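Features reported for this protein in TrEMBL:
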type: DOMAIN; residues: 227-706; note: domain 'Cas1p 10 TM acyl transferase'
type: TRANSMEM; residues: 242-264; note: transmembrane segment
type: TRANSMEM; residues: 294-314; note: transmembrane segment
type: TRANSMEM; residues: 326-347; note: transmembrane segment
type: TRANSMEM; residues: 368-389; note: transmembrane segment
type: TRANSMEM; residues: 424-440; note: transmembrane segment
type: TRANSMEM; residues: 446-466; note: transmembrane segment
type: TRANSMEM; residues: 478-500; note: transmembrane segment
type: TRANSMEM; residues: 533-551; note: transmembrane segment
type: TRANSMEM; residues: 572-589; note: transmembrane segment
type: TRANSMEM; residues: 631-651; note: transmembrane segment
type: TRANSMEM; residues: 657-681; note: transmembrane segment
type: TRANSMEM; residues: 702-722; note: transmembrane segment
Amino acid sequence: MMHKYKISEAKNCLVDKHIAFIGDSRIRQLFYSFVKIINPQFKEEGNKHENIPFEDKISSVKVDFLWHPEVNGSMKQCIKVWTEDSVAKPHVIVAGAATWSIKIHNGSNEALSQYKTNITSIAPLLEKLARTSDVYWVLQDPVYEDLLSENRKMITNEKIDAYNEAAVSILNSSTRNSKSNVKMFSVSKLIAQETIMESLDGLHLPETSRETSAMILMNVCCNKVLKPVDGSCCQPQPPLTLIQKLAACFFTLSIIGYLIFYIIHRNVHRKNKPCTDLESGEEKKNIINTPVSSLEILLQSFCKLGLIMAYFYMCDRANLFMKENKFYTHSTFFIPIIYILVLGVFYNENTKETKVLNREQTDEWKGWMQLVILIYHISGASTFLPVYMHIRVLVAAYLFQTGYGHFSYFWIKGDFGIHRVCQVLFRLNFLVVVLCIVMDRPYQFYYFVPLVTVWFMVIYVTLALWPQIIQKKANGNCFWHFGLLLKLAFLLLCICFLAYSQGAFEKIFSLWPLSKCFELKGNVYEWWFRWRLDRYVVFHGMLFAFIYLALQKRQVLSEGKGEPLFSNKISNVLLFISVVSFLTYSIWASSCKNKAECNELHPSVSVVQILAFILIRNIPGYARSVYSSFFAWFGKISLELFICQYHIWLAADTRGILVLIPGNPTLNIIVSTFIFVCVAHEISQITNDLAQIIIPKDNSSLLKRLACIAAFFCGLLILSSIQDKLRH
């Protein structure tokens, strides 16, 4: 992956550095493009066949081009001067030449032999410089022979390949006992193979191609210094932190513990196998199969989780696999969308119940939204504003379901017990906490989980605080409905206050230990931005749930199989309004000028398309009676899919794509997607199994477990503080 360096980043990386380019006109091109990253106003002027200096006095960056079009004694002398101890050496040396030798000597074999002799004499000098400086030998780009002028016709691709082979073979064998320190810069050669036909003269690269070569050279020089997230080359593997080492020990012990348990259990099972009674000739059983113990489930779950986390680490921390940039095209986004839509429609079944937003329907909704979001991420469609705005609605729809689902549960069940709260918090946060530890990432990095966690707590506190108003109580007296509406109005007031008072919001979430959860890059701005972007939609979900359940209680709705939700006339009117509203939002989203303008209006208007979709999906009885089992299956693991994509499907904070199989993008996506979905499904099962053990229903046992969990997080905070001090 190539990071596009800004001027400030380039100057920051190259401060007090000296870079030298030595060679012919092609190296001069690379020099100009490299300098323009630091100073875009630098002009290509002056005598082309002489040295060209550049210096940025503010950052003390010095970049020189030294005109040496042939590998000869003149180039050797220039390099030899730097090998002397008393002379200051450039920090980076970029050298290369060949086309002049081919041109001047008319492509003769004698010229190639002389080139080999000259580069052989220079190789030890370059090797000596490479011990203290970064030395790159630029391989020659191919030419477009049809465009070459008459005096350059002898420069053929066959000759260029021969010169490149000579340079590689000599420079790579310049040290007998170890690998050569002189690096081959072959990227411009690879770029030229695709773009040289766009050249003006057949010899020099077009401007866009040489800019890419220069940016890659900047990545090579600076990625190890600035360590950008989306620059995957030339960075050292991050060292293991203390917390990561302890996590590795824990998972290793879990795997060993489970293997020991399995071996012992297997031996016991063998001893208790049915044996043949010699007298009767019949089999008799010594023991009845015992149920699986909690300890075995615990060890098995952590064993599987440990192996999965090892895979996560190898994919996104160990520099074992490559990563590639995303390049958005409409086809890479819309064609997969059509595929999954066809599959989703093909796999349909009848629902068990026909209520509005029944369980199968909400799973289906989560499933297709998650698949669309995954395609959006891997295709890089965020650069296309209409798609970006519709994806923002899908994220808002998840939060709408959070408000709707949790409000409905508390309102109907009236269960405000600690067990329910702990179950939800564990289900939401278990995987993220493990990944924060294993992958050394802050909690806020997985922004959606903190978002739904905080909103769940907001819903719980709003409804659990005195006076607790539930459906059973409200049915006896309509006054309680008014009381609940007052609670919701107060919640809306608090949301508005925090949305327009950034200072108050940041003060709350900058308090320790909240800051450890909600800070990203040293501040909580990112958290405030994410929270503010969908600040009203959870409230809308709660309000919708309240109105729907009130109408349902008063039997205003017809929710029988095949029946329209309202009378035919009202249903048709509402359907028409819903379709118009849905399309109106899409037209508005497509006409937005920029993301800032769209994001400002999004919190207030996203609910329009969400409500329109719900009505379109639920008013017709036949639509409410069926669901897509394909989408519903993915909906059940949507949380795991969203979190796992960061490390084993995408890469570099979702800015790139993980490459398991280089050179075959289609096969790579198929294989990585299959593994990714299997892992997400397995983690979902592990989370459910562990939730049953770690969060027991018995309150006294649960309080003990909570004390242990609190002690664990205290230890984690202490270790995190020690880790931060060691880093500084």
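Backbone N, Cα and C atoms are what each Cβ position is placed from, and that goes for glycine too.
Comparison of 424-440, 478-500, 533-551, 572-589, 657-681 by number of C-beta pairs under 8 angstroms to the transmembrane segment (446-466) places 424-440 first. In this chain, the transmembrane segment (424-440) lies in contact with the transmembrane segment (294-314); the count of Cβ pairs under 8 Å, excluding pairs fewer than 6 apart in sequence, is at least 3.
Against the transmembrane segment (572-589), stretch 368-389 has more CB pairs under 8 A than any other of 242-264, 368-389, 533-551, 631-651. The list of residues near the transmembrane segment (326-347) in space but at least 6 beyond its ends in sequence, with Cβ under 8 angstroms from a Cβ of it, reads 367-368, 371-372, 375-376, 378-381, 383-384, 387, 628-631, 655-657. Within the same chain, residues 326-330, 332-333, 336-337, 340-341, 344, 395, 397-398, 586, 589-590, 592, 594-595, 598, 602, 628, 631, 634-635, 638, 641-642, 645, 649-650, 654, 657, 669 sit at least 6 positions outside the transmembrane segment (368-389) and bring their C-beta atoms closer than 8 Å to a C-beta of that stretch. Note: the stretches the transmembrane segment (424-440) and the transmembrane segment (631-651) are in contact (3+ CB pairs below 8 A, sequence gap of 6 or more). When Cβ-Cβ distances below 8 Å are used as the criterion, the transmembrane segment (702-722) is approached by residues 242-243, 246, 418-419, 422, 437, 513, 516, 694-696 of the same chain, each at least six residues removed from its ends. Residues 295-296, 299-300, 302-303, 305-307, 309-310, 437-438, 440, 716, 719-720, 722-723, 726 of the same chain sit 6 or more residues outside the transmembrane segment (242-264) yet have a Cβ under 8 Å from a Cβ within it.
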